[in-house]
Amino acid sequence: MVRFLIKRILTAVLTLTAVSIVAFLMFFALPADPVTGMCPKNCNTERLERVRDELGLNDPKPEQYVNYMKGIFVGRDLGSAQGGQCDAPCLGYSYVNSEAVSDTFARVLPVTLSIVIPAAVIWLVLGVGLGMVSALRKGTVLDRLSVGFSLTGASLQLYFVGAVLQLVFVYTLHILPTPGYTSIFDDPLKWASGLVLAWWSLAFLFSAIYTRLSRAQMLETLSEDFVRTARAKGLAKGKVYGRHALRAAITPMVTIAGLDLGSALGGTVITETTFGIRGLGRTAVDAVRLGDLPTIMATVLISAFFIVLANIVVDLLYAAIDPRVRLG
Amino acid sequence: MSLSPIDEAALTEGPQAPGDAVPEAAAKEFVGRSPGQLAWARLRRDRTAMISGVTVVLFLVIALAAPLIERLYGVGPYQQFQGQLDGAGMPLGYAGGISGEHWFGLEPQLGRDIFIRLVYGIRTSLLIAFVAAVITAGTGVVLGVVAGYLGGWVDAVIGWIIDFTLALPYLIFALAVVPTAALRFYGPRDNPPDWFKMTVIIGIFAAFGWTATARLVRGQVISLREREFVEAARASGAGLLHMAFRQLLPNIWAPILVSFSLALPAYITSEAALSFLGVGMVDPTPDFGAMIFKSIDFMQTDPAYLFFPGVAIFVLVFAFNLFGDALRDALDPKSSR
């Protein structure tokens, strides 16, 4: 177990290092001049040169990379124009937002989490639930409906669903306020009513995939010997399906949920753009539009970090749910 | 020495025997069918498969014949009909200006015909999706076969590259790469031409999309690797190329075909999403994602503008998904989806 964990973490560190190098090369070394996009509109050559110097773009590339990484782990001094001392998770300074990138992220991360976590709960419960039910009632109207639901959901576009939902519930029926973010600690009701459309459009599309997969998985599990044995020895249906079969069928779902984090992050980018909510995704889109390189770089790194972390958690969960899995 | 001809004869006859015996013995009752013919027969019987298949073909024809449709329809994708808009730039008439002349109405403000723009949008979308799917399938198959067949450190390296690719947040990466590449080659002033943007988008899909096929193929190859026919081929000195193309690939083309057909709708969706976010194709190029992005501003005043592109891309992706599923059922009757 410990050996597995160490091995897994070492691979993860290696992967993250590679991601950071690739991202660094892409965003700081590839552009003809990374500064043009970073400097506010009225920039003269003198100021451009100063920005270039402050960003250390005149240093050799490996040194720039080492400095950037050093900033993340121990912090570094960025110079007076960039807000002076930048503490430990230092991701650079954004000239566009006029603040340290880590401050921007501290502000927008709760927004994205407020969208993704409730949406994930909805899509997992809805998707796995529908899949299980339709597997148990295979061939019935219910089964056909849920298969149809999952195919429809898999073919719809997130932004189209979001726009239609908004048109119906906000502009036509006037049931919900214009989507927006309020902190859950300030006003939980407003928090929920402002984000509920984002949750459901995200959940609708993602639950489609889970319905499909969990139905297939459950059908396969139900045909296995241990399920028949459990039924044959007189165990109640509910117990067999709810305990034995569900547990075996849910294991692959955990892996997929972990792997899906990447596309869920992509999903929030689209959701936030559709509803005009400023979270991690919208920040990334804006940063790209404005050529705000430190913010783009940080978004890639943070997303990659979460994805790698999620995969480690999945591997551990896998072993916890399915005792047959040997880690090593 | 005298025994060898007999041995040789036995060897050459051996593998052929079952194939020859079946049609001869049962020629009256049974017709010998290849797996391909069986799958085709199953596909023909499946009503969903036929309907979605016809729809897919219809979309392909529309995409190929777009200039012809433009000529018959009499309206071009860049033509503006300012005379049919009111003072605020909204189309006159019902449901976004639907008329015999403009089947799906007009765009607000610019007054371009929505129908012909959708026709050309299908062309953009399918072109990118097809090229990307062909490239990813090719890369995935080659790397999957190599990793699965050779195993050892080659497998470990390819496996690590796959994990690495999966750790990159694809959409955020794409968001960042497209403008960076445009800036690198065209500078901040010029707007890069369509072919350049298409190439970059296809490049991104190719860089991120091959992992699924590679994993699938690798798994299949590993399970085939220990089978007798592979061992026999290896014993008779087959090289890697012969092994891959003559021995292994003919046995796994079915899952590859299915994953190819399901990759198409995924790329259509991704391309539209990129354009929606403003990093894919941009106006004036006709594109689903870019059209829907523009239509969101007019959602309250002109819902028809949102409706037509939204439904069109849904039908397109839905047909491809249904057909891909039906293909899977036909090629692998054991699978329960």
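Each residue, glycine too, has its Cβ placed from N, Cα and C.
Please treat TrEMBL annotations as automatic predictions, because they have not gone through curation.
Quick look at what TrEMBL annotates:
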type	residues	note
DOMAIN	B:122-324	domain 'ABC transmembrane type-1'
TRANSMEM	B:49-69	transmembrane segment
TRANSMEM	B:126-150	transmembrane segment
TRANSMEM	B:157-183	transmembrane segment
TRANSMEM	B:195-217	transmembrane segment
TRANSMEM	B:248-268	transmembrane segment
TRANSMEM	B:304-327	transmembrane segment
> Which sequence positions outside the transmembrane segment (B:195-217), separated from its termini by at least 6 residues, show Cβ-Cβ distances below 8 Å to it?
Replying inline: 124, 127-128, 131-133, 135-137, 139-141, 143-145, 147-148, 158, 162, 165-166, 168, 170, 173-174, 177-178, 181-182, 185-186, 252, 255-256, 259-260, 263, 266-267, 270-271, 274, 280-282
> Between the transmembrane segment (B:157-183) and the transmembrane segment (B:304-327), do 3 or more CB pairs sit under 8 angstroms, pairs being 6 or more residues apart?
Replying inline: no
> Would the transmembrane segment (B:248-268) count as touching the transmembrane segment (B:126-150), if touching means at least three Cβ pairs under 8 Å and pairs must be 6 or more apart in sequence?
Replying inline: yes
> Near the transmembrane segment (B:126-150), which same-chain residues lie under 8 Å Cβ to Cβ, leaving out any that are not at least 6 residues past its ends?
Replying inline: 59-60, 63, 158-159, 198, 201-202, 205-206, 209-222, 225, 240, 243-244, 248-249, 256, 259-260, 263-265, 267-268, 271
